[in-house]
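**Q** Can you keep this structure in mind? I'll have questions shortly.
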């Protein structure tokens, strides 16, 4: 049988299996299980469960997807749908625990170890589905995705999200860890189901056939499903942007909850279930005598969106099965994806040359940073946020960097903040491992608190020394409250920060996510910076309306003081549910008055008629809006609204001084990174979905509303041009350079069909800014042309690293530097993040 015939059949199977049902998510669940295992540490008991799971990856990975095996109609016409449903809930886990304890006492033989590994994978799937599908909880991933991108339709979000998550996983992640064989404990499963139901409900052949289909599908996804990236990216910007990071049901949150259920499962395997509370919903299991009363623990039907599907599976797809006494192994044999990978890579290279050419790098391209800083801990999110300030008061700019995903074994996503001091020549000009060579480190102490998600430097207690505020928005995740906290560390005469927080600010509201963003800005009119805190996910009087609050700096701030959000000196809320008010913050002085700008990128323009008649399709989704306040006044003075659905105006904000047609002008930049634009290639036109755009407004004291001066646009679909904005003077001419990032940009114009992300950062000289469509006036045959108009273009040194996910400028006596974060770089460790330093001078 030819490889081509077999893979044609397998891809056909994949197409029908996933695109017409909602039972997919294989790649997503395998990835969650892989991440959960990375930092697993179960110290109590007689078994080293991490070693057991690492040894039996074949069973563990099969378990992570098993609960969905009997949902799709291709599996025996869907007759065993209810068996899959029951496998998602606590009674199945309880039956499995009792079965193992009654039949296989310690020490376990290898087949029993495989059964245990398989069960751990199943439990990961259980808790992941609860937060992903919002089962018994509010504001899980798909519920929020539906509210923002699908007119509040959960069913549409479900249909796009389950398989879309797999597409995104295969496009963004390397699955080189996937086992080439899987093990399913058939005989043990039959007996567990007998005990659970009290009768026979399924046969050996059904389990074998349906789990083997999952095995085939998983390897089929490895081959080609990433090529559907453009389709699913168009459907949901939320899916692309929040898939890993969303606080309740993002990949990292689901991995955190997997580690929790592993701890409980190991306890029950060794001690029984008598000391445990076992509600129907596995997310609420507890074995410490405490119950979570915050949210409902009732069972909710997981999957009811499957369509009928019947198809013939080609007999050419030969079953590579090896039965044992208690189970069965599935193997790829000679038809593994690796056997045809070379063919696809060669085709991609040849076609990519057609679309991108092989010309020499343009002179304005900067492809090599002067230094790169990394970590050796995976998933750390190094560079999620950065700040620059002279912390040690030596006259040189220093760099402060957040890594909210930083973990230790047994301490998942506690987060870290790193400090790197500058000198006359700027930041260290050599590559660094920040865990070993950073000048200062602060570490979070709450499980999955994501300490380091936001940073602000200010003199909070007005003692003349810089203090550091750090956001940890997921504090309370273990209780499913996600209240969040902000910690303030006081500076000292020695130039060092306190080793523990001097001030803690907390929020009592569930899903408050306090500390998602921080800003140092004057909020009381005394000319000194105050602490501005925001959370776009906070209730704000509804659901995810968002809040922004300010705490004034003053010398009466006591050491070890605890504050709550209710004690804020100034506070405003968002207007609409899921409008994400406070997603971005920016402070600027206009005519000696402090203007606070607040972005609300998912704001909708809901007409009164649509609101009264509940006609959701009359809304324009995610237009975005920017609000301007002159604190301490709480009255809104400025409003800038988006005009394109899904454009998300207000995602990013920055301001500075440039020359516009020769006139010195104070300007405001507002990013709309998912704005659609039109590209022209000779006589052809193409819509650049989510290519991104940035508006430049004049900030004139005599005008009540900023006047639109110029626009900039990206040149690739889905590139998120303008998602990060910054203005700073790099050449010491008194004018700010305009810096714009496109972290999801793809080199070729096929938007993922032939290439990977290779984000770019564009630097425009502040001396030569023009009115109108800046990137639309092109000499080349293609528009827009953001590269043609730029003075410098910083090129990502690593594919698929989200180069440009954040950036900051650092000043020293000899040079000015730009630090660009690649938030998903794998240079130091898998998806750990990296910082790239670029130096500029006035010469």
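The backbone N, Cα and C atoms fix where each Cβ goes, glycine too.
Annotation comment: Swiss-Prot describes 94, 271, 292, 308, 322, 483, 502, 592, 605, 661 as N-linked glycosylation site, evidence class sequence analysis. Annotation source Swiss-Prot lists repeat 'FG-GAP 2' at 435-498, citing sequence analysis. The repeat 'FG-GAP 4' annotation in Swiss-Prot covers 564-625 and is backed by sequence analysis. According to Swiss-Prot, the repeat 'FG-GAP 5' annotation covers 635-695, on the basis of sequence analysis. The repeat 'FG-GAP 6' annotation in Swiss-Prot covers 707-773, and the record cites sequence analysis as its basis. Here Swiss-Prot flags 1-23 as signal peptide.
If you look at the structure here, what lies around each of the features I listed?
**A** Look at residue 94 (N-linked glycosylation site): DSSP puts it in a helix. Neighbour count (other Cβ atoms within 10 Å of the Cβ, all protein chains): 18 for residue 94 (N-linked glycosylation site).
According to its DSSP assignment, residue 271 (N-linked glycosylation site) is helical. Neighbour density for residue 271 (N-linked glycosylation site): within 10 A of its CB lie 14 other CB atoms from the protein chains shown.
Counting only residues at least six positions away in the same chain, the Cβ atoms of 328, 329, 331 sit under 8 Å from the Cβ of residue 322 (N-linked glycosylation site).
Annotation for residue 483 (N-linked glycosylation site): spatial neighbours 475, 476, 506, 507, 508, 509, 510, 512, 513, 514, criterion Cβ-Cβ under 8 Å with sequence separation of six or more.
The Cβ of residue 502 (N-linked glycosylation site) lies under 8 Å from the Cβ of 461, 467, 488, 489, 490, 557, 559, 560, 561, each on the same chain and at least six residues away in sequence.
Classification of residue 592 (N-linked glycosylation site) by DSSP places it in coil, neither helical nor stranded. Every protein chain shown contributes to the tally, and the Cβ of residue 592 (N-linked glycosylation site) ends up with 8 other Cβ atoms within 10 Å.
Look at residue 605 (N-linked glycosylation site): DSSP puts it in coil.
DSSP classifies residue 661 (N-linked glycosylation site) as coil under the three-state reduction. Around residue 661 (N-linked glycosylation site), the same-chain residues at least 6 positions away in sequence with a Cβ under 8 Å from its Cβ are 769, 770, 771.
DSSP states for the repeat 'FG-GAP 6' (707-773), grouped as helix (H, G, I), strand (E, B) and coil, give 0 helix, 28 strand, 39 coil.
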**Q** Give me the Cα-Cα distance between residue 271 (N-linked glycosylation site) and residue 592 (N-linked glycosylation site), rounded to a whole Å.
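**A** Cα to Cα, residue 271 (N-linked glycosylation site) and residue 592 (N-linked glycosylation site) are separated by 67 Å.
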**Q** Across the repeat 'FG-GAP 2' (435-498), what are the DSSP residue counts per state (helix, strand, coil)?
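**A** The counts are 6 helix, 23 strand, 35 coil.
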**Q** Work out how many Å separate residue 592 (N-linked glycosylation site) and residue 605 (N-linked glycosylation site) at their Cα atoms, rounded off.
**A** 33
**Q** Take the C-alpha atoms of residue 94 (N-linked glycosylation site) and residue 605 (N-linked glycosylation site) and report the distance between them in angstrom, rounded.
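**A** Cα of residue 94 (N-linked glycosylation site) to Cα of residue 605 (N-linked glycosylation site) measures 49 Å after rounding.
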